Amino acid sequence: MGAGGPRRGAGPPDGGWGWAVLGACFVVTGFAYGFPKAVSVFFRALMRDFGAGYSDTAWVSSIMLAMLYGTGPVSSILVTRFGCRPVMLVGGLLASAGMVLASFATRLLELYLTAGVLTGLGLALNFQPSLIMLGLYFERRRPLANGLAAAGSPVFLSALSPLGQQLLEHFGWRGGFLLLGGLLLHCCACGAVMRPPPPGPGPRPRRDSADDAPGDAEAERGGLRLREAPPGGRPRRRLLDVAVCADRAFGVYAVTKFLMALGLFVPAILLVNYAKDAGVPDADAAFLLSIVGFVDIVARPACGALAGLARLRPHVAYLFSLALMANGLTDLSSARARSYGALVAFCVAFGLSYGMVGALQFEVLMAAVGSHRFPSALGLVLLVEAVAVLIGPPSAGRLVDALKNYEIIFYLAGSEVVLAGVFMAVATSCCLRRSLNPQPSQGTEGEASDTEDAEAEADSGALPTGAEEPGSLKAREVPTPGAGPTEPEAEAEPGLDPKSV
């Protein structure tokens, strides 16, 4: 095993340095989700300077979000190959460079390539590795940790939107982009915090230096668990496990996220300009996003703590579908809101349901596929979501330009999110009741989670007491005193009887 990577048989520490990792993940999540929405404050100035319509300027945020999601598989491969820390450091530099270069743009195409592509790629190379590392540090407190990390999005959104407005008024959009580029350098500091978990107690597997390649050790130092090859063979490492696509739970989740992404982000992106067109002063319109953020700040940690309760955690998929339906119904019921009071009420309800969705979305995926397949699953899901992001907000902006009416946009967005919630609930009830349970029953976990390790043989006398993530069954080599060639030994997980493996 690599010197810095987590050992087989060592469970997540659920604390310690994990709290520092959680703080860094909080900041990275805030930039990743808050930044594309906060940039919408500059849209009117961009429309005036470049003589473009709203749909054209909305592509800046859409491309940024599409890069955040669409480069998920690339990020998964880079994390597996180089580890979380170096990928995040490079991502912070790219995100900052994109906004700095955007401040010198003279055409919209240049904005698309700098603020859209380059900054979006940098945010992606920070966002996904931070979630992967967070999953390695937390297991028992994972729903709460996910909720607290997700709270970074509303905190930064509530801060970045007024900040962007002030920068626009004092320095113009060019000066604002330049200063925001400097602010994104904080992502590099967050990347430096991403230290892999320390080795846990238990016997250390034998390492044959002739068979271990440098890339394998480096990937383990990045915090990823690698599969062992059969005795006498070279350790086999997958940069991207596309076999997770065959999992029914993953398929249901991917379809849900596609439908959700078509409409979830549209109201937040259009809200400021919708309020301005309704006659709301610019400062008050920008403050609406802060209201969403303030409510979201409370909703995400509270929902994460709620999902961690013993009675609710096995049913987290239903809680997620309920949050989606609440968000969609909020859009549908507020489509005709024109007064500032009605818009404030919409922001409160939207922030509450949006926070629930944000707190639960990655916990549902971890529970569905297991932590060991989470990096690959997350990358593939983000790729699917990127397609929806490229369809949703730009289409909404084009409809606004054509119809000069926001009402139909809210109806469409709300319907799509409600459909996602209904699909998730029905599919979970009919097909995935057992698959989405974070505590699988004894005797079935090996088949449901990892068929590649089915040939491993159990030796209950040598099993370590450390915990592994749910849904995984790892094979490793343990030297047997007085014996010849070693044989793979299955490592069971908490709640799984070694004799049933």
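Glycine too: its Cβ is placed from the backbone N, Cα and C atoms.
Remember, it's a predicted structure, so these values are computed and weren't measured experimentally.
Annotated features, as they stand in TrEMBL:
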TRANSMEM  17-39  transmembrane segment
DOMAIN    18-432  domain 'Major facilitator superfamily (MFS) profile'
TRANSMEM  59-80  transmembrane segment
TRANSMEM  87-105  transmembrane segment
TRANSMEM  111-137  transmembrane segment
REGION    196-232  region 'Disordered'
COMPBIAS  218-228  compositional bias 'Basic and acidic residues'
TRANSMEM  258-275  transmembrane segment
TRANSMEM  287-309  transmembrane segment
TRANSMEM  340-362  transmembrane segment
TRANSMEM  374-396  transmembrane segment
TRANSMEM  408-432  transmembrane segment
REGION    436-501  region 'Disordered'
COMPBIAS  447-458  compositional bias 'Acidic residues'
Using a cut-off of under 8 Å between C-beta atoms, tell me which stretch among 17-39, 111-137, 258-275, 287-309, 340-362 contacts the transmembrane segment (59-80) the most.
111-137
Same-chain Cβ contacts of the transmembrane segment (111-137) under 8 Å, 6 or more residues past its ends?
6, 12-14, 16-18, 21-22, 24-25, 28-29, 31-32, 35-36, 39, 46, 59-60, 62-72, 74-76, 78-79, 84-85, 87-88, 90-99, 101-102, 105, 145-146, 149, 177, 184, 187, 190-191, 194, 196-197, 223-224, 362, 366, 371, 374-375, 378-379, 382, 469
If you average per-residue pLDDT over the domain 'Major facilitator superfamily (MFS) profile' (18-432), what number do you get?
81
Long-range Cβ neighbours of the transmembrane segment (408-432) (under 8 Å; 6 or more residues past either end):
248-249, 252-253, 255-257, 259-260, 262-264, 266-267, 270, 317-318, 320-332, 334-335, 368, 392, 396, 399-400
